[in-house]
Amino acid sequence: MGTMFAVVLVFVGCCSNVVSLELLVREFPGCGNIVTFAQFVFIALEGFIFETNFGRKKPAIPVSNYVIMVTMFFTVSVINNYALNFNIAMPLHMIFRSGSLIANMILGIIILKKRYSASKYLSIALVSAGIFICTIMSAKQVNVSSDGSEDHGVYAFVHWLIGIAMLTFALLMSARMGIFQETLYKQYGKHSKEALFYNHFLPLPGFLLLSTNIYSHCILFNQSTPVFIPVLERTVPLMWVYLLINVITQYVCIRGVFILTTECASLTVTLVVTLRKFISLIFSIIYFQNPFTAWHWVGTAVVFLGTLLYTEVWSSVRAALRAEVKQKKAE
């Protein structure tokens, strides 16, 4: 029951979150910072009340370790959202972030000196090829859509390349953070809710560096189309409604993933999150009519094939089928 509930939370929360984010970005492409700030404040406030009991509960992992983790987490969150300012379409953004497993594996080989099976290395090649295909096709679209002078076309392409560089850096930084978390959990034990709170609470002062951008978007949000909210019996600017939906759905998604990590094996969690990304991607393309060529579909299929190969889902299915056949024969 708990597992099924968690799966529903992940799919409903994360897919709704993608929709609300796209609605915000389409209206104000540079709103990534205010979205990140709102998510951090909401999750930090919830953790402060329910996890730390208003600061009375001592952390199981030393705060100094959380400071290192938080620096990486804050950097990844801000850069991922800020990359949307650089002509990065939402589908490409999702596909790029689907390479997190592989980035983690590459850094695991380099830093932790891990060794993997041939199927794992093949999955690296597949995911890398899929992301490369989608990136190249998106690059062509940037060139085609850059109407006007040649200088403007070059500027748009360079602008897009900066966004790709930001996503690549965030991907590698996220993988490095995952390895750091892995070593911490081995030393101190798993404290996922505590880590979730400190990862969102400690970075809050860092948003002072982005305060000008956040404030300017507050003004822009206030000027958006007002909508009537029956519960409040008053009108509220539409962008604030979208932001509230985004924050709540982000929290629902994170809570769902947290429940899954406590109820299921890591393979199941990875598979559910991967399928969620794929469904979010399909929904984004169909509902918002984002440009997506046949080559984009090929690249996407290769990315998800590589991810499924990495999680050894095929081996698990075959093992389950064999066990079922043996059980029938025994009967």
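Using N, Cα and C of the backbone, Cβ positions are placed for all residues, glycine too.
Unlike curated records, TrEMBL annotations are generated automatically.
Listed features, source TrEMBL:
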SIGNAL    1-20  signal peptide
TRANSMEM  36-54  transmembrane segment
TRANSMEM  66-84  transmembrane segment
TRANSMEM  90-112  transmembrane segment
TRANSMEM  124-142  transmembrane segment
TRANSMEM  154-175  transmembrane segment
TRANSMEM  196-215  transmembrane segment
TRANSMEM  235-254  transmembrane segment
TRANSMEM  266-288  transmembrane segment
TRANSMEM  294-313  transmembrane segment
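The list of residues near the transmembrane segment (235-254) in space but at least 6 beyond its ends in sequence, with Cβ under 8 angstroms from a Cβ of it, reads 9-10, 12-14, 16-17, 20-21, 23-24, 27-28, 31, 34-35, 38-39, 42-43, 46, 196, 220-229. For the transmembrane segment (90-112), the partner stretch with the most Cβ pairs below 8 Å, chosen from 36-54, 66-84, 154-175, 196-215, is 154-175. For the transmembrane segment (36-54), the neighbouring stretch richest in Cβ pairs under 8 Å, chosen from 66-84, 154-175, 294-313, is 66-84. Only residues 6 or more beyond the boundaries of the transmembrane segment (196-215), in the same chain, are considered here, and those with a CB under 8 A from a CB of the stretch are 30, 33-34, 36-37, 39-41, 43-44, 47-48, 51-52, 59, 63, 66-67, 69-71, 73-74, 77-78, 254, 258.
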